[in-house]
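As structure tokens, the structure follows; a few thoughts come after it.
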Amino acid sequence: MAKPLEEVLSHHVHTVEAPHKRHWLLDYLSTVDHKKIGIMYVLIGVFYLLVGGVEALLMRIQLFVPNNQFVSYPTFNELFTMHGTNMIFFAAMPLIFGLVNLIMPVQIGARDVAFPFMNAVSLWFTFVGALLVNISWFFGPAPSAGWFAYTPIGLDKYTPGTGMDFYVIGLQIAGFGSLMGAINFIATILNMRAPGMTLLRMPLFTWTSLVTSGLIVFGFPPLTVGLFLYMFERLFGGHFFDATMGGNPLLWTHLFWIFGHPEVYIVVLPAFGMISEVVATFSRKRIFGYTSMVIATVLIGFIGFMVWVHHMFTVGLGAMANSIFAISTMLIGIPTGMKVFNWLFTMWGGQIRFKPPMMFALGFLPTFVIGGFTGVMLAAAPADFQYHGSYFVVAHFHYTLIGGVVFGFFAGLYYWFPKITGRMMSEVLGHINFWLMFIGFHLTFFPMHLAGLFGMPRRVPTYNPGMGLEIWNQLSTIGAFIMGVSMIVFAANVVYAFTKGKVAGADPWDARTLEWAVPSPIPEYNFAQTPLVRGLDPLWIAKEEGSTVPAAEPLGPIHMPSNSFLPLVMAVGLFIAGFAAIYHRLFFIVLGLEVIALAMFYHSLNDDEGHHILPEESTRVREVRA
Amino acid sequence: MRPKHRIGLLFVMVGLLFGLTGCGRTDMSVFDPAGPVAKMELSVIMTSVYIMTGVFIVAMAILVYVLIRFRRRKGQDLPPKQVEGNNWMELTWTIIPLILMGILAVPTVSTAFALDQKQTGPNTMNVTVKASQFWWQFEYPDLGIVTAQALHIPVGTKVNLKLETTDVMHSFWVPRLAGKTDLIPGRVNTMWFEASQPGEYQGKCAEYCGPSHGVMDFVVIADTPQQFQAWVQKMKNPQVQPTSAQAAEGEKLFAQNCATCHAIAGTNFKGVLGPDLTGFADRPKVAGVLDNNPTDVEKWISDPAAIKPGTKMPKLPLNQQQISALSAFLEGLK
């Protein structure tokens with residue numbers, strides 16, 4: 001199987017790359033290492049989580065008292081539009097992509113993702129897409145038609161100025177990155193699993209990553225098409241959505257939600273995966289009903305595409321359409337319920353340790369269950385006539401998205417932080433972070449159910465006094481600030497980990513999956529020797545035998561891809577082209593596109609075969625980090 | 001705090017949901033329906049709440065038990081037994097939810113069809129609703145009346161609504177009478193509702209429609225049949241003659257400044273861009289959000305965009321005296 005070292009090296013023009021030290025910044029800007037890319041995704045996600053959080057706090061200040069004048073109505077509209085856009089596209093998505101990038105390849109025993117170069121392209125497209133949407137704050141109006149940008153309100157006629165152009169083009173670029181990333185993950189998971197890792201031996205986080213990637217591949221094209229039509233309508237005066245010119249505004253609504261509903265599962269499924277890993281590890285038990293978990297995951301993926309009309313119960317599609325989509329939506333509750341009970345029975349009979357990752361997973365459970373239940377309530381079409389467009393909906397989707405994605409993500413981040421950085425976070429700060437977030441969260445969002453049922457529509461910058469809405473809004477605002485404080489505690493914990501955190505070692509949590517079999521932080525090549533997988537939870541199997549995970553190959557030189565600045569260059573080109581398109585500067589559009597074309601051309605001709613890491617180096621790393 | 005306290009907190013919050021449904025002012029509360037449509041919708045809501053609460057309590061009871069019973073204790077060095085799963089248990093929590101969903105699906109579908117029917121028969125009335133940024137127009141095609149911001153209906157009559165928009169999407173929502181239906185460009189949507197008791201029911205635009213979406217309010221006024229007939233007669237023969245010199249001055253100013261957009265039945269003013277102002281003095285609100293008194297009318301006329309950003313009504317170059325005159329004229333329209 002393995003060729004002699006001399007023979008391998010003789011095929012390469014560049015033999016062993018001299019281990020010259022690049023400045024860390026240049027290293028990150030040109031990296032194709034899935035772990036560094038993952039870290040950058042997480043940083044993007046956390047950054048926009050904070051941006052979106054500040055936007056939320058400004059809105060909550062405005063709503064603290066009725067008829068408040070803290071921000072103007074148009075500014076408020078910009079705030080909720082950017083809050084939603086940032087949180088979904090530039091916080092949730094990068095956080096998910098970040099952790100999938102960081103962990104998934106290691107969980108399946110791979111040395112990298114299938115297309116490392118494309119992985120970097122995905123990252124930088126996401127980065128410039130987010131940048132483009134957000135710099136709208138500094139270049140004239142920010143987008144203000146809501147994160148789902150309904151037509152015709154988002155069209156030039158009703159929302160003039162460049163704001164919505166930033167939204168349309170920025171999302172198009174970021175979506176491009178997401179689609180490439182998803183294709184990359186699918187190829188990685190299907191092709192690069194270590195010997196012995198059959199599909200039904202994959203960890204659940206990998207499974208959810210796979211299904212999520214599938215959802216992206218089918219879900220993003222409708223968004224792309226919709227945004228393309230939107231762009232034509234706004235920039236070139238097309239009339240796809242203009243009823244006065246024979247178009248139909250519902251065309252956008254359908255296209256958006258055909259993407260938008262699966263998007264919810266795109267971000268929440270990997271969080272389910274993280275919860276599964278954390279619950280199993282901290283109960284010291286194998287996940288209960290692994291096969292039904294896999295089936296539930298796939299089912300959620302499938303049904304997720306058949307429910308989008310439940311966002312449109314009030315647009316007048318009629319009782320028949322509403323009934324069909326009501327029932328298909330309710331069906332989603334069933335695989336989700338299976339998951340919840342499987343988690344509960346994973347803990348049953350286990351030995352539960354209440355460490356910070358487990359706390360977030362436990363906080364996730366009731367929160368997400370409430371979110372799921374209000375989801376079923378919303379699925380009952382005639383009842384939805386009352387909920388639709390009200391604060392009840394705001395409460396519901398924050399229960400699923402914060403209860404699901406954010407709690408799931410924090411569980412995952414506290415869990416894998418030692419693996420990524422080699423340092424332990426503080427448990428005390430972790431518990432404080434959790435409790436502030438959990439209490440703040442419920443204080444913020446539970447009252448919103450009531451505000452909605454008492455007649456408060458969503459997206460309103462103010463409300464009348466004397467309608468019984470004051471108290472609920474005030475509780476929400478106080479809760480939001482408690483959540484804000486919890487994020488400061490989190491930041492403090494990260495600082496603590498890097499300054500005083502204990503060295504983690506390879507397996508600080510007594511975990512079960514392959515990523516805990518390699519040193520922390522994970523070396524560049526992940527596994528010095530590709531592991532041999534003999535069942536679910538390979539590390540646990542090895543530990544039960546009192547040994548280590550066996551290798552599937554002898555120690556040899558490891559082939560790794562080379563760094564490249566081209567992904568960054570391509571993204572910069574797309575940024576220039578997108579920015580120029582917003583301001584109708586043809587010269588710069590062409591210039592930007594040419595930068596991309598040249599970069600791709602150069603990449604095609606550049607015969608770079610990567611480099612090798614020699615066994616001496618990998619042995620040294622293992623000794624140092626173990 | 002121990003985990004069980006956290007769960008306790010949750011129970012308290014769920015309890016709050018039920019405890020508080022009757023609390024607060026109920027002007028817009030879904031829990032205080034005043035007509036058959038809102039009642040049917042509330043019944044579906046409560047059915048789902050009961051089912052979901054039941055399941056939630058079961059799931060949380062298991063969680064609390066598990067967290068107490070299976071905490072890791074000192075001396076537990078050997079790992080617990082590794083369980084793969086249990087087909088019967090997994091089937092149970094697939095089939096029971098399926099049955100519960102079935103139970104919820106029946107009223108969901110039957111109510112969906114019941115609400116979708118156009119109401120016919122003697123005791124019905126037709127109204128066409130036209131929404132614009134940021135106001136509501138109500139037309140009574142069978143009575144030949146047009147009004148704005150306040151929709152009068154007789155108690156006990158089923159009202160069929162035709163819903164249209166002149167610009168962007170809006171959504172018609174009167175929580176105590178009926179859930180919402182959107183108004184969509186290029187489409188005519190329909191819905192029906194009925195008020196069982198006389199009263200004023202606050203309505204809101206529930207689909208984001210621009211800067212003043214949050215203040216695009218209206219009111220449904222349910223009259224007794226006699227009151228309604230009286231109102232109809234008044235709207236057909238409105239009092240439009242100025243009652244004072246100041247009001248007469250206001251009428252002149254209205255002709256110069258306002259008549260291109262606003263109509264008043266019984267006059268030459270036939271503008272169609274803005275709300276019809278027939279019977280203005282009898283409306284409870286100005287622009288849907290301000291009280292209808294001279295002070296607030298003047299406040300509205302002197303700077304409409306300060307109240308409703310994005311409104312098409314311009315700020316007119318009028319002095320305070322002229323604004324007062326306009327207000328006096330408008331307050332004479334009965």
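Glycine is treated like the rest: Cβ placed from N, Cα and C.
Any TrEMBL annotation is an automated prediction that lacks curation.
According to TrEMBL, the features are:
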type: DOMAIN; residues: A:18-534; note: domain 'Cytochrome oxidase subunit I profile'
type: TRANSMEM; residues: A:39-65; note: transmembrane segment
type: TRANSMEM; residues: A:85-104; note: transmembrane segment
type: TRANSMEM; residues: A:116-139; note: transmembrane segment
type: TRANSMEM; residues: A:204-231; note: transmembrane segment
type: TRANSMEM; residues: A:251-275; note: transmembrane segment
type: TRANSMEM; residues: A:287-309; note: transmembrane segment
type: TRANSMEM; residues: A:315-338; note: transmembrane segment
type: TRANSMEM; residues: A:393-416; note: transmembrane segment
type: TRANSMEM; residues: A:428-451; note: transmembrane segment
type: TRANSMEM; residues: A:471-496; note: transmembrane segment
type: TRANSMEM; residues: A:565-582; note: transmembrane segment
type: TRANSMEM; residues: A:588-605; note: transmembrane segment
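Outside the transmembrane segment (A:251-275), and at least 6 residues removed from its termini, the chain residues within Cβ reach (under 8 Å) are 88, 92-93, 96, 99-100, 148-151, 203-209, 211-212, 215-216, 218-220, 222-223, 225-226, 229-230, 240-241, 297, 300-301, 304-305, 307-312, 315, 339, 343, 361, 364, 397, 400-401, 404-405, 407-409, 411-412, 415. Away from its own ends, the transmembrane segment (A:39-65) comes close to residues 28, 71, 76, 79-80, 82-83, 86-87, 90-99, 101-102, 123, 126-127, 130, 134, 406, 413, 420, 444, 461-463, 470, 473-474, 476-477, 480-481, 483-484, 487 of its chain (Cβ-Cβ under 8 Å, at least six residues beyond either end). Beyond the ends of the transmembrane segment (A:393-416), by six or more residues, the same chain brings 42, 49, 87-88, 92, 95-96, 99, 102-103, 205, 264, 267-268, 270-272, 274-275, 277-278, 281, 355-358, 360-361, 363-364, 367-368, 370-372, 374-375, 377-378, 387, 425, 430, 433-434, 437, 441, 444-449, 451-452, 458, 490, 509, 515 to within a C-beta distance below 8 angstroms of the stretch. If you average pLDDT over the domain 'Cytochrome oxidase subunit I profile' (A:18-534) in this model, you get 95. Taking Cβ pairs closer than 8 Å, the transmembrane segment (A:428-451) reaches residues 60, 355-356, 359-360, 363, 367, 374, 391-392, 394-396, 398-399, 402-403, 406-407, 410, 414, 469, 471-473, 475-486, 489-490, 492-493, 496 in its own chain, all 6 or more past its ends.
The stretch with the most CB contacts under 8 Å to the transmembrane segment (A:204-231), chosen from A:85-104, A:116-139, A:471-496, A:565-582, is A:85-104.
Residues 29-30, 32, 117, 120-121, 123-125, 127-128, 131-132, 162, 165-166, 169-170, 172-173, 176, 231, 235, 588-596, 599-600, 602-603 of the same chain, all 6+ positions outside the transmembrane segment (A:565-582), place their C-beta atoms under 8 angstroms from a C-beta of that stretch. Within its own chain, the transmembrane segment (A:116-139) is flanked in space by residues 31-34, 37, 40-41, 44, 48, 51, 78, 82, 85-86, 89-90, 93-94, 97, 101, 162-163, 166-167, 169-178, 180-181, 183-184, 561, 564, 566-568, 570-572, 574-575, 578-579, 603, which lie at least six positions past its ends and keep a Cβ under 8 Å from the stretch. Same-chain neighbours of the transmembrane segment (A:85-104): 34-35, 37-46, 48-49, 51-52, 55, 113, 119, 122-123, 126, 129-130, 133-134, 143, 147, 167, 171, 174, 178, 181, 185, 188-189, 205-206, 209, 212, 263, 266-267, 270-271, 274, 401, 405, 409, 412-413, 416, 419-420, 515, counting only residues six or more beyond its ends whose CB sits under 8 Å from a CB of the stretch.
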